[in-house]
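According to TrEMBL, the domain 'Myosin motor' annotation covers 9-684. If you look up TrEMBL, you'll see GLY102, GLU103, SER104, GLY105, ALA106, GLY107, LYS108, THR109 marked as ATP binding site. Marked as region 'Actin-binding' by TrEMBL: 561-583. Per TrEMBL, domain 'TH1' is recorded for 801-995.
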Amino acid sequence: MAEHESLEFGKADFVLLDNVSLEEFMANLKHRFEKGRIYTYIGEVVVSVNPYRAMNIYGRDTIEQYKGRELYERPPHLFAIADAAYKAMKRRNKDTCIVISGESGAGKTEASKYIMQYIAAITNPNQRAEVERVKNMLLKSNCVLEAFGNAKTNRNDNSSRFGKYMDINFDFKGDPIGGHINNYLLEKVGGAQLMGILGGPESLLRSLHIQKDPTVYNYIKVGGHIKSCINDGADFKAVADAMKVIGFTGDEIQTVYKILATILHLGNLTFGVDGDITLIENSKVVSVIGDLLSTKEDNVEKALLYRTVATGRDVIDKQHTVQEASYGRDALAKAMYERLFCWIVGRINDIIEVKNYDARVHGKNTVIGVLDIYGFEIFQNNSFEQFCINYCNEKLQQLFIQLVLKQEQEEYQREGIPWKHIDYFNNQIIVDLVEQQHKGIFSVLDEACMNVGKVTDEVFLQGLNGKLAKHAHYTSRKLSPTDKSLEFDRDFRIKHYAGDVVYSVVGFIDKNKDTLFQDFKRLLYNSSNPVLKGMWPEGKLSITEVTKRPLTAATLFKNSMISLVENLACKEPYYVRCIKPNDVKSPLLFEQERCRHQVEYLGLLENVRVRRAGFAYRQTYPRFLQRYKMISEFTWPNHDLPSDKDAVRRLLQGCGFDHDVAYGKTKVFIRTPRTLFSLEEQRAEMVQRIVLFLQKVWRGTIARMRYRRMRAALVILRAYRRYKVKSYIREVNRRFKNVGSMKDYGRHVKWPTPPKVLRKFEEALRSIYNRWWAWTLIKGLSPEEALQVRAKVASLEALKGQRADLGLQRAWEGNYLVSSKRDSPETASSFTLVSSELQRKDKFMRVLFSCNVRKINRFHKAEDRAVLITDRHLYKMDPLKQYKPMKSIPLYNVTGVSVSPGKDQLVVFHTKDSRDLVVCLQGMVPSTESRIGELVGTLLSHFKSEKRKLQVNISSPIQCSMNGRKCTVIVEAKINQSQPDFTKSRSGYILAVPGN
């Protein structure tokens with residue numbers, strides 16, 4: 001059964017139809033065609049409907065889907081049949097054959113090409129050169145044989161006018177090693193093959209004296225219509241290239257062209273009379289023919305106009321009549337074409353046949369045969385060719401039915417299933433009607449041809465009427481006078497298995513005798529062209545030499561058919577039945593009557609009946625279980641019964657189908673398709689549940705795997721972190737173990753790089769170390785030194801990164817005006833007296849800072865002053881009046897200080913009453929010394945000790961309030977400025993400082 005294809009496409013196997021009737025068969029065939037499914041099974045037979053369009057189902061991907069698969073495992077396809085034949089050949093060492101049949105235009109030749117392509121693709125995994133060569137030869141030979149063996153008919157542009165049976169030889173490994181082709185050519189000159197040469201290059205056509213216009217040549221125009229096949233340069237080149245690949249030499253290919261050109265020119269020869277003399281009217285053509293055949297023009301003319309006759313020892317030349325000359329001309333053309341085709345086949349066989357193969361050394365040589373032969377034909381006018389074609393199809397149909405029945409019977413016997421007789425149409429009676437000795441149509445035809453005297457087609461028809469008058473499948477107008485569909489003395493009717501066919505006897509005698517005058521054979525044998533000479537060995541016979549009467553065309557064809565059937569009968573057969581859906585080559589049209597007729601004459605319904613007569617479906621126990629075991633609890637997921645047969649029995653009994661099955665030795669047989677469909681429905685339902693279950697289990701498994709991985713990763717991560725933490729702490733401990741005894745208490749020690757997780761910990765650890773280091777340094781300081789350190793720390797915190805020089809590297813003296821070595825040593829004593837008096841008066845504990853300054857008074861004038869900052873007040877003093885205190889500001893009234901970010905010494909003291917004090921420190925020794933950092937740090941440290949807040953601003957310009965009025969102090973550098981000084985501006989004041 002074909003699986004993996006939804007029922008929306010119809011039944012993939014006709015055996016599974018609910019009712020075996022022509023109506024159901026046709027409905028299923030049409031439905032599948034309309035759904036784009038051109039292949040359907042009948043058991044192991046493929047029914048193929050020509051799609052008349054390119055389909056993307058033959059590529060490498062599709063080949064891989066069918067490679068090594070069983071027939072029923074994939075949707076119906078040609079590749080499945082090809083693979084089954086290849087497996088049977090390779091696994092069981094059996095010769096197999098694939099028989100492709102159907103009427104003209106049904107797609108037989110394309111099917112054979114796809115089968116060849118598949119076999120070529122699945123062999124030779126190692127791409128060995130010899131095997132590739134053989135494959136290429138076989139595929140290319142197909143191209144050449146199609147070119148010379150196909151023609152255009154009223155049904156098909158590429159109709160096979162020859163039958164082709166190709167044996168592909170394989171070695172014991174299953175690789176192709178050669179092949180052999182048998183041909184069955186019917187029409188001995190076809191317009192399509194001749195027209196192919198018109199696609200050649202201009203230089204070739206000139207050398208052959210050929211024009212590109214096909215209407216010039218009589219043989220390739222029929223009733224005003226041009227036959228066409230290989231009709232362009234691309235097709236011509238493809239055939240020429242294929243011949244080169246196969247191994248045809250340049251001389252051989254050139255001879256082929258010359259023969260085709262000769263046949264075209266022969267068709268244009270016309271004969272006339274001059275009194276009693278027959279002559280050639282267009283004698284220039286004779287010269288061309290002589291040139292092409294590499295023989296003398298006179299010899300050509302003589303052979304066309306005279307016949308040499310031996311009477312005893314005398315030899316005379318008998319002149320032809322115009323009718324005889326015309327007959328001889330056509331006979332020569334046909335004979336040359338037939339001989340050319342047979343020579344091509346023989347040449348291909350010489351090249352591709354197996355050479356130097358010894359079965360004792362190389363193992364058994366097995367073959368796969370591919371038969372692509374003309375289909376059954378019923379035309380308006382059916383002649384000798386159609387009669388032979390239809391006889392061939394009768395033989396093959398007889399073989400088909402016999403082999404199918406034989407296969408069925410053998411399988412039943414192997415499996416121990418009782419065999420019951422099957423009624424079917426036995427067309428042996430029609431085969432006998434044609435080929436029986438003395439009574440058959442071929443025998444009557446041969447007898448008529450051997451009669452002495454004037455033999456006509458009417459004489460042949462009279463012979464048929466005399467011998468076959470009582471035959472149930474034969475009639476003529478003489479035997480059925482009232483049947484007006486038959487003409488007197490012309491027609492007879494045969495009741496074929498495919499339907500009734502009326503044949504016209506006109507031409508039967510001539511086509512059967514098909515005699516070629518010996519003069520032509522001698523003419524061609526005596527050619528100086530060795531290739532052409534080799535095609536006509538019988539031309540060397542002497543004129544007086546007596547030879548046997550040659551076998552007639554009918555006898556030759558009958559013998560070849562008998563031989564073919566015997567060859568096929570000894571192989572394991574596989575079948576492809578091709579159907580033509582319409583006559584207009586439409587990919588959409590399915591002509592019901594047209595297809596029904598083909599289904600009938602292909603015997604497809606009988607094939608289904610034979611297959612269904614006993615059991616519609618059979619399968620081996622293991623494979624049946626593999627597909628349906630989920631239906632039963634006894635077989636899912638695996639059974640514990642003694643054998644697979646017992647398991648299958650238990651499964652079918654559980655489903656209630658035991659009455660509709662039989663159990664063979666290795667297979668289970670199911671009688672009706674309904675049982676199988678029921679099994680499929682149950683399976684589909686269970687598969688859905690199994691898939692859900694498997695998804696659940698798999699998702700759970702994935703989740704658990706993911707959890708275990710995460711957990712393992714977490715454990716590893718924790719262990720690694722612990723290791724890194726411990727390593728870091730151990731390293732820190734090692735490096736800082738003895739810092740207490742180091743001179744710089746470990747400041748030079750480099751900290752190890754912490755793991756990422758300990759970066760914040762490292763920051764805290766560094767902070768702890770820094771505090772310890774600072775404490776270690778501070779604990780040895782005096783109270784004065786400790787105060788200075790606190791002031792420096794406060795200054796650093798407030799001004800770091802905002803002013804360049806904070807004076808941190810020097811000692812901060814604070815009370816600079818009292819020092820004899822600093823700013824004003826000559827006035828130090830005066831300042832000391834004043835400060836002592838102020839201390840007594842205001843009860844301050846210590847002096848925080850003192851320095852000379854330049855300030856702005858209330859009249860907006862700049863003047864020199866000194867500031868003294870104690871722990872209680874800020875005093876302004878006049879240095880010119882022995883530091884007389886001018887004004888004091890309580891320190892609790894100071895809310896903040898503002899400084900600029902530059903190197904200047906500008907300081908603004910902000911007060912609660914908005915009477916800010918704007919000063920610039922000056923008189924420093926050395927003059928480049930900056931005391932802003934010391935002033936800010938000292939004030940901040942003091943305010944902090946008293947738990948008060950002092951706002952420190954670093955900005956430029958500085959905003960302040962002078963006597964309640966808002967103003968701005970701007971610092972400007974001037975090149976010629978020697979000392980800092982204030983000037984009035986529109987918005988406030990400008991402090992000019994030296995620019996260098």
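The backbone N, Cα and C atoms fix where each Cβ goes, and this holds for glycine too.
Mapped onto DSSP helix, strand and coil, the region 'Actin-binding' (561-583) counts 9 helix, 8 strand, 6 coil. For the domain 'TH1' (801-995), the predicted model reports an average pLDDT of 89.
Packing against the region 'Actin-binding' (561-583) from elsewhere in the chain are residues 29, 33, 42, 44-50, 52, 78, 81, 84-85, 88, 94-108, 111, 115, 155, 163, 165, 182, 184, 367, 369, 371, 375, 391-392, 395-396, 399-400, 403, 435, 589-591, 594-595, 598-599, 602, 604: each is 6 or more residues past its ends and has a CB under 8 Å from a CB in it. A simple way to gauge crowding: the CB of THR109 (ATP binding site) has 22 other CB atoms within 10 angstroms, across all the protein chains here. Counting Cβ atoms from all protein chains shown, GLY105 (ATP binding site) has 24 others lying within 10 Å of its own Cβ. A simple way to gauge crowding: the CB of GLY102 (ATP binding site) has 27 other CB atoms within 10 angstroms, across all the protein chains here. Proximity of GLY107 (ATP binding site) to non-local residues of its own chain (separation of 6 or more, Cβ distance below 8 Å) is seen for SER48, ASN50, CYS578, LYS580, given in sequence order. When Cβ atoms from all protein chains are considered, those within 10 Å of SER104 (ATP binding site) total 21, not counting its own.
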